[in-house]
Structures are given as structure tokens and as C-alpha cells.
Amino acid sequence: MHSTYVLYNIVPFGFLILLVYIFIDVFLDYFRKEIKSNKKRIILYSFIFYLISLIQIKTGGFTLPQNPADNGRGFISTNDWFGIFDTMHFHISIFSYSALFYNFILFVPFGIFLLLLFNLKSNKKAISIVVLSCLVIHFAHLLLGRSGFTKGHFGNMDIFCSLFNVLGGVLGIFLVKYAVNYIHSYKLNTQTKIVD
């Protein structure tokens, strides 16, 4: 028996939940004694949207559990305004050099957000969080694929993709460290010019 399953995009639903969260968070500011910084708030909201998008891109969408008696399974995706995520999932899933590059670029924002949100001082701790996060995402994708909630595939290419995901996250960490050091040295230089 061959069945076709619909893969649902989680980005629109996640975006609606994020909008409700933003509304509640801003509304509750009127009752808080300590008001959150708008910069931190925008970084947090964009990080949540990035995570929703990352999950969609890495999994390709979610479906209802499949019939285990199926000999063959086909998947179709819903054609909505968020079709760019289907295209991105396709480009990171094929066996090519561009897929490795896309997997590398996909996790650079993760390293950036990690340092901006959590103020990690140790490089070892930040890199270990990136490695652990990449492993959790890939094992969750493997388990969800085996249980029938996503398109499941695991092979040699996924190992390389995981490695390039980690390298992208590490690059994001070092980009933030470099930018912070550059800004700090620029401020020191301008202060010494003012004093002179």
C-alpha cells in the first residue's frame, strides 16, 4: 500500500503564537516594576522566530503519524506563503557542496544569538552548547522521522551537515566576540582622542 501524506509548515502557526507572546509581554510591562530593555526584547523575539524557522527548515515540515503498514510513502507540502522554507529544506537535504554551505550558514545566527542572549564568557561553554544543540536537533529529527512525524532520512550526508552546522555556530560565536572586541577598542580610541 502506498500513501501520500501532507507535510504542514509550522512557521505560520509558530509566528501566531509568537505574536500572542509579544502582545502579552508588552501588555504585562504596564504591571511590572522593572521594565525590560527593548533591545533585549527584540533579540529574544527574533531568536524565537529563528528557532521556529530552523526547526521547519531542518525537518521539512510535520505530518500526522503514518500507517506502519505502508510499503511506500509520498509527501506533499502545503503551498502557502511560506514556501521558501520548503525550498531551503530541499537545498540543505541534497547531496552537494551547496548543501554543506547552506548548513554552515544556517547555524551562524545560532552562535550570534547564543552570545547576545546569554552573555556566555567562556568559549568552551558556548561551543559545547552549539555542539549539543546540533546533536539534539539531528537526533530529534531522526526520532521524529522514525516515528512518522517528519520525513525521515539519515545517512553519511547528515553527519557532514551536522559538522558544518557546528562550524557555522562556532563562526557565529567568534563573529560576536570579534565585534565586541572591535567596538570596545573603538570606544577606547575615541575616549583617548577626547582626553588628548
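Placed from the backbone N, Cα and C atoms, the Cβ positions cover glycine too.
Bear in mind that TrEMBL entries carry predicted annotations, made automatically and left uncurated.
Over in TrEMBL, the protein carries these features:
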{"type": "TRANSMEM", "residues": "6-30", "note": "transmembrane segment"}
{"type": "TRANSMEM", "residues": "42-64", "note": "transmembrane segment"}
{"type": "TRANSMEM", "residues": "94-119", "note": "transmembrane segment"}
{"type": "TRANSMEM", "residues": "126-145", "note": "transmembrane segment"}
{"type": "TRANSMEM", "residues": "157-180", "note": "transmembrane segment"}
Whether the transmembrane segment (42-64) meets the transmembrane segment (126-145): three or more C-beta pairs under 8 angstroms: yes
Long-range Cβ neighbours of the transmembrane segment (94-119) (under 8 Å; 6 or more residues past either end): 40, 43-44, 46-47, 50, 54, 57-58, 88, 126, 129-130, 133-134, 157, 160-161, 164-177
